[in-house]
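One structure is given below, encoded as structure tokens.
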């Protein structure tokens, strides 16, 4: 087996232990790449904070607006990975260049609504009665970041879908790690005028992020096109309109799912804010901790997408079923261990964010530690649902999972959390139990759907 874990023939499906090893090998560089992206976001936040709360508020809100928009649109490009995996499994690698170039054109087209949305951030904020000065500064920030939209859709959206499917996930790893250093140097230099760079204040962070995103995209394109080992996957090929329709058909429900999940957490954060500064601070700490741990099952879900898709393409639904359920097991196992850490050492974790011995922090520390206990449960089902969603994408099954996610998050999760918070008197804890309930319902629906779909494929005459 190659480093990609995708070169076995359909006649020789792997054992369960080999499934686990290959999935972990594929997921590891993806997880580190995603953690590197989080590290860049943390760097931006810390350096913006050095300019004061106004700069931090404007830059942070502008960056969040940018990343929500491009992340949702990147969901459409997730279809590239399963299409490539299917083609490779079916020994139809001649289709891969067509998928790549069609995905490349799709990235360019998706950048258009991203640029439009980012250009409208100031009037949108004014429409929601945000302070005019804040709206103006956010508009200036996103006015720069809009030039990074295409780079992000290519360098993150397309490449993160394409490279793992051809066995080149490690390219993402090294480029992402390098991006941390480049981003930090450019951020500091452009914010404060260091290293001979112009002093741009808080807008320097937007310029630095834009440059880093484009450097990342160019580096990945160079590594992909410049290596003989992978060049045949991206040889000149004409994008195909029917293939464009196929990619959009698989990908748009994923984008909606990303949007539904993003709005759930956004609405929860806004609702926690009603409960006061202490509750909001505790919520942000717990959510940040959970977000770091989430990068691992997210990567496992991406690996499941590729591996399930490969074995479906190879005509072996039994191996595809095993690949999916082994990935689910890995995701649940990791998040269970992560949850155990949260239960055993909540105050030590909160101490990374706040001074535990400061009496002014006592209420926030207590609530944050309590939320981490809920997060221990929350994480397990969150990992299960994201891996299950990835496995279903490998089956090209995205529309029913989209409906399941919408129902689970907004039909169960938010209403339950709201009732527990304001009618049962649980406050922020109630909202977090609501999140856990919503994620648990989606996790069960995803796993059950994968079971039904693979059972049907196995039973079907071939």
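Placement of Cβ uses the backbone N, Cα and C atoms for every residue, glycine included.
What Swiss-Prot lists as transmembrane segment is 56-76 (among others). Listed as Cβ neighbours of the transmembrane segment (56-76) (distance under 8 Å, sequence separation of 6 or more from its ends, same chain) are residues 41, 44-45, 48-49, 106, 110, 113-114, 117-118, 121, 134, 137-138, 140-142, 145-146, 148-149, 152-153, 156-157, 160, 202, 205-206, 209, 247-248, 251-252, 254-259, 262, 266.
The transmembrane segment annotation in Swiss-Prot covers 99-119 (among others) and rests on sequence analysis. Same-chain residues lying 6+ beyond the ends of the transmembrane segment (99-119) with a Cβ under 8 Å from its Cβ atoms: 65-66, 69-70, 73, 76-77, 80, 83-84, 87, 142-143, 145-146, 149-150, 153-154, 157-158, 161-162, 233-234, 236-240, 243-244, 247-248.
What Swiss-Prot records for 147-167 (among others) is transmembrane segment.
Taken from Swiss-Prot, the feature transmembrane segment covers 172-192 (among others).
As annotated by Swiss-Prot, transmembrane segment applies to 202-222 (among others), with the evidence given as sequence analysis.
The transmembrane segment annotation in Swiss-Prot covers 247-267 (among others) and is backed by sequence analysis.
A Cβ distance under 8 Å defines the sequence-distant neighbours of the transmembrane segment (280-300), meaning residues of its chain 6+ beyond its ends; these are 23-24, 27-28, 30-31, 34-35, 38, 265, 268-269, 272-273, 327, 330-331, 334-335, 338, 342, 349-350, 353-354, 364, 367-368, 370-372, 374-375, 378-379, 382-384, 386-387, 390, 428, 431-432. For 280-300 (among others), the entry in Swiss-Prot reads transmembrane segment, with the evidence type sequence analysis.
Within the same chain, residues 16, 19-20, 23-24, 27, 289, 293, 296-297, 300-301, 303-304, 307-308, 372-373, 375-377, 379-380, 382-384, 386-388, 390-391, 447, 450 sit at least 6 positions outside the transmembrane segment (325-345) and bring their C-beta atoms closer than 8 Å to a C-beta of that stretch. Summarising the annotation, Swiss-Prot assigns transmembrane segment to 325-345 (among others) and lists sequence analysis as the type of evidence.
Residues or ranges marked as transmembrane segment in Swiss-Prot (evidence: sequence analysis): 361-381 (among others).
Sequence-remote contacts of a segment are chain residues at least 6 beyond its ends whose Cβ falls under 8 Å from one of its Cβ atoms, and for the transmembrane segment (402-422) they are 253-254, 256-257, 260-261, 264, 267-268, 271, 275, 385, 389, 428-435, 437-439, 441-442, 445-446, 449. For 402-422 (among others), the entry in Swiss-Prot reads transmembrane segment.
Residues of the same chain lying 6 or more positions beyond the ends of the transmembrane segment (430-450) and with a Cβ under 8 Å from any Cβ of it are 264-265, 268, 271-272, 283, 286, 321, 324-325, 328, 371, 374-375, 377-378, 381-382, 384-385, 388-389, 391-392, 395, 397, 400-401, 404-405, 407-410, 412-422, 424. Annotated transmembrane segment per Swiss-Prot: 430-450 (among others), in sequence order, evidence recorded as sequence analysis.
Within its own chain, the transmembrane segment (202-222) has Cβ neighbours under 8 Å at 40, 44, 47-48, 51, 55, 58-59, 62-63, 137, 140-142, 144-145, 147-148, 151-152, 154-156, 159, 163, 171-172, 175-176, 178-179, 182-183, 186-187, 189-192, counting only residues six or more beyond its boundaries.
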